[in-house]
Amino acid sequence: MLSRLLKCKIHRAVVTHAELHYEGSCAIDGVLMDLAGIREYEEIHVWNVTNGKRFTTYAIRGEDNSGIISVNGGAAHQADVGDLVIIATFGDFTEAEANVHKPRLVYANPDNTVNHTANCIPVQVA
């Protein structure tokens, strides 16, 4: 049996564009994509921290070091410029793979440069 686990995420990126009439997708700065391990055209989940909306689309590569996070097509109704978002992908892993898997986590600064990276999420305390 396979388990679906978090493969990677870009945490607290800021939406720079919302292009309703652009052909679907979400353009992501290529540097962020590479660090997170997101492939072009890969399915992504976008969780809007600002308004609580969640949607699924696919990633396209934005210009390296541009800071672009552009929500395109119909998904542009789900995010406004300036919104904080989390962009995540998931993968299916065998039991052996799941036992050793560590996600790739990229934490963004407000200008969508990299603050830091990690491979585990801190324990949440009460």
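Note: Cβ is positioned from N, Cα and C throughout, glycine not excepted.
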Recorded substrate site member, picked from THR57, THR89, that accompanies GLY73, GLY74, ALA75 in Swiss-Prot: THR57
Helix, strand or coil at SER25 (active site, schiff-base intermediate with substrate) [DSSP, three-state]: coil
Integer Å distance between the CA atoms belonging to SER25 (active site, schiff-base intermediate with substrate) and TYR58 (active site, proton donor): 5
